[in-house]
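Novice: Dumping what TrEMBL says about this protein:
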SIGNAL    1-25  signal peptide
DOMAIN    33-105  domain 'Inhibitor I9'
DOMAIN    128-600  domain 'Peptidase S8/S53'
ACT_SITE  Asp137  active site, charge relay system
ACT_SITE  His216  active site, charge relay system
DOMAIN    377-462  domain 'PA'
ACT_SITE  Ser549  active site, charge relay system
DOMAIN    654-758  domain 'Subtilisin-like protease fibronectin type-III'
Amino acid sequence: MAPFLSHPISLLFLLFSFLPLLSLSAVDQPYKTYIVRIDSQSKPSIFPTHYHWYTTEFTDAPQILHTYDTVFHGFSATLTPGHAATLSQHPSVLAVFEDQRQQLHTTRSPQFLGLRNQRGLWSDSDYGSDVIIGVLDTGIWPERRSFSDVNLGAIPARWKGICEVGERFSARNCNKKLIGARFFIKGHEAASGSMGPITPINETVEFKSPRDADGHGTHTASTAAGRHVFGASMEGYAAGIAKGVAPKARLAAYKVCWKNSGCFDSDILAAFDAAVKDGVDVISISIGGGDGISAPYYLDPIAIGAYGAASRGIFVSSSAGNDGPNIMSATNLAPWIVTVGAGTIDRNFPAEVVLGNGKRLSGVSLYAGLPLSGKMYPLVYPGKSGVLSASLCMENSLDPNMVKGKIVVCDRGSSARVAKGLVVKKAGGVGMILANGVSNGEGLVGDAHLIPTCALGSDEGDTVKAYVSSTSNPAATIAFKGTVIGIKPAPVVASFSGRGPNGLTPEILKPDLIAPGVNILAAWTDNVGPTGLDSDTRKTEFNILSGTSMACPHVSGAAALLKSAHPDWSPAAIRSAMMTTANTFNNLNQPMTDEATGNGHLNLDRAMDPGLVYDITNDDYVNFLCGIGYGPRVIQVITRSPVSCLVKKTLPENLNYPSITALLPSSAKGATSKTFIRAVTNVGQPNAVYRFTIQAPKGVTVTVKPPKLVFTEALKKQSFTVTITANTRNLMPDDSGAVFGSISWSDGKHVVRTPILVTQMDPL
């Protein structure tokens, strides 16, 4: 399980209560960066500002990196552990936690979402031109055509942001499209100075400004809101018109991640604070933890910053992480964040390995250099020696005498896929076959390799290795087939996409939905080539990437369009519209492959007019936090304002979420029942009658009361109960340990689908 405390106290509080506070002098202790959460209402009136209070009572001004006053109250500072321990005892301090490093969760997709020019969502919302999307990422390459402001109206008058000047970035780099840009580096610099393994920013490859040296931020920003660009492609692949989901939405870039260096919590929190003050409507953050491990909400600055935004009506979408297909690998799990997994689209970049025995094996590639033209080359698998580093084609692991002039089979894992090709090239190899292991299965992503390369699924990879070991003179060639559209089935959940169940609060189903995240074409930086490797000197206006990082901005752009068309909808209502109308069938009209999330694939046309929505208020979220055992002071770390919990706590599964998760105790004998309460608000025609249909999970009985929901002009909100009954001994769960079903409410025009997940799990 990911961390979950039944008595949540800051981990540092537990640690500090056993520290002899004065046992070490400050000189002996290393400085670290800490984020300090202050009860802002306890500021003595003698101090004119919170900053004066912080620098007088808590630490010296030079130690302070960021002060927070919008989504969070407090500051981040470089302190010794002893000083941090002392601060944690101060009555005005709610929590102290150490700064952590997060990582990036590294084009036909708007059509694939059900968007067509001049009809449906794109026309109804004027393409979202009044909506501002804040992207927290690696910055932006402002000269790209995707960020042109031609024919855009005036910047929304409510915008309060700035265009922060820095290295190779001036105020002229912003326009009516890119209306704001900032960078946040103090947390990173403090870590570089004091925390050993973190390297300072390399100013030969990085810019101390909002300019994007990595490419990831430019890619995500243009996916969400890039303008129409004609003649787009990545070295001839995916040629056509590139456009973001909300092409007229305004963009604000908040650079919090630095090339090869990750993203620090203290800087991320400062960016959330700035974005909310600046006036963004949507925040897109393709960043999070790795290894599927999630900190409790009160120790997770993304969850805290997102709550501060969502509580002010700002929609926050985030990536589910790339640690699938392991179960419980999804990250960014807070119920006020929309958590996005990745699926395929109906476009692929096929390549074929032809073996000397005539066998043809299908894979993918984005190699765009000189082809092999059918010539057969000797084939070698360095992993045959049993040396792991050689099987993975790690740096300096290949013997040039063994690979020169040959096609080399490399196993996927431990190093970047494109980096393996560079290792093969340096050792004199002419091509590479990149073989998936069991954990990646048949999930393939294209890469712009530096040498002729084909990626193969696990089964085909085994076929190649068996051929090499059973043949005296194995040979092969690779053929590249370009771009193919109309691939079926699609979407398929990407093998890498973070999976549920939710490791923090399993009562809330996560991820919320999937969106296009495999082989996505979007704008790119001029600073590095399409592989991102330092030795790749190619320049490309667009690049093709995969990851939940790519899926998240599709949902951010969709939220901008929905907010533009429905300005009065809350972030929870927008999420509900997306989730209850999501596709659960692929383009063969069959259930989606690996539909383990229970939720479907974003369908924007239907989300525009969902009929009913599940709304959630700030008080509902507070009751949820009380229900999972957080006390008032811990909750205040997240909510900023003091709260009190009801004597009879709300069960976390009764948060008004657009999905239902039933955790049935595994120890129960015989049939067990659980009842859930939900409320829906009518956003369609005022007079409507909805009736339900049930698709019960296998081995489960589902009953719903009342049998129909009647809405009128005066009565817009109705509640219903769902009772789930099962004998846990008769449950036949799938690989994720659960069975799935749904309830659908319909008035004849709308279908409002609510996923149901039933699993055996004892209360945490």
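Using N, Cα and C of the backbone, Cβ positions are placed for all residues, glycine too.
Could you give the neighbours, burial and distances for every feature on this list?
Specialist: In terms of DSSP secondary structure, the domain 'Inhibitor I9' (33-105) contains 23 helix, 27 strand, 23 coil.
Of all Cβ atoms in the shown protein chains, 29 besides its own fall within 10 Å of the Cβ of Asp137 (active site, charge relay system).
Long-range Cβ contacts of His216 (active site, charge relay system) within its own chain (separation 6+, distance under 8 Å): Leu104, Thr106, Asp137, Thr138, Cys257, Ser286, Leu545, Ser549.
With DSSP classes pooled into helix, strand and coil, the tally for the domain 'Subtilisin-like protease fibronectin type-III' (654-758) is 4 helix, 63 strand, 38 coil.
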Novice: Just to confirm my parser: what is the rounded mean pLDDT across the domain 'Inhibitor I9' (33-105)?
Specialist: 95
Novice: If you draw a 10 Å sphere on the Cβ of Ser549 (active site, charge relay system), how many other Cβ atoms land inside?
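Specialist: Total other Cβ atoms inside 10 Å, all chains included: 31.
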Novice: I'd like the per-state residue tally for the domain 'PA' (377-462) from DSSP, helix first, then strand, then coil.
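Specialist: Once the DSSP states are binned, the domain 'PA' (377-462) shows 27 helix, 20 strand, 39 coil.
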